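> Mind looking over this structure? Questions follow.
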Amino acid sequence: MGGIAWTEEEDYLLKKCIEQYGEGKWHRVPQLAGLNRCRKSCRLRWLNYLRPNIKRGSFTPQEVDLILNLHNLLGNRWSIIAGRLPGRTANDIKNYWNCHLSKKLNGQVVEKSNSVKQGSIFGKPSKWKPLQEESSKSKGKEYVDDDDQNNNESQGILVENNQNQNTPIVIEQNSSMSLGNMQMDLFQFDQQVLKAMEDEDGCNKRELWDDWISEMDLWIDSL
DNA sequence: AAAGTCGTCAACCGCCGTGGA
DNA sequence: TTCCACGGCGGTTGACGACTT
């Protein structure tokens, strides 16, 4: 483990505290619960372990499929991915990805260190690595992903991000989501979003994103 | 049986965005 | 407008059990 393990007593105190005072106000939790832990540790322990309805055990094939597809679209945005998988925590999904999926996919479509390059509808400002650093990928030009060693030639289109010019948007062609018989043409959807974004000054990005998430929710609910 | 290596995952770290003063 | 505290996030670490040599 990466730190000092929580004891049963600490878990009990934290749980009791959250039940009494509710979630939030994490800065007060250590004091209220009588724990010698920082606010972040308390929050993490609650979210990843103590919270009700947390699903334990191995991931189902459906969940894995969903993770793969969502990661392909969103990159390493584990909290958003976790939001689409009821009962699973972002930490669980991140660990699962790092232990299983990234290795499986390494050399194919996604690589752990720069997975964010793939299929992100909206570039994430600041933390996301600008594609300009990649010699073979220039702004506004089609590219062939270097990481795709299956030679599937996963081509995409780089579109300049309105908000942060260092963070291009990458949409993979032929990207779709499949789960059983369900099929969703996300590339087509992405194109609609991009078209809409071109017409805006960037201020509506959040709304577009929310719309997209809502569409995703409806789709998942329909499964 | 012992030593070395690998895989897993809970916990920590540091950064960022946001909201209030 | 600036500063600060806080919540939240993704990346990383490291302990420990399982497996291999």
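Quick reminder: no glycine exception, Cβ is built from N, Cα and C everywhere.
Any TrEMBL annotation is an automated prediction that lacks curation.
Source: prediction; values computed, not measured.
Below are the features listed in TrEMBL for this protein:
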- A:130-143: compositional bias 'Basic and acidic residues' (COMPBIAS)
- A:1-50: domain 'HTH myb-type' (DOMAIN)
- A:6-50: domain 'Myb-like' (DOMAIN)
- A:51-101: domain 'Myb-like' (DOMAIN)
- A:51-105: domain 'HTH myb-type' (DOMAIN)
- A:121-154: region 'Disordered' (REGION)
> Please list the DSSP helix, strand and coil residue counts for the domain 'Myb-like' (A:6-50).
31 helix, 0 strand, 14 coil
> For the domain 'HTH myb-type' (A:51-105), jot down how many residues DSSP puts in helix, in strand and in coil.
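In the domain 'HTH myb-type' (A:51-105), the DSSP-based counts are 36 helix, 0 strand, 19 coil.
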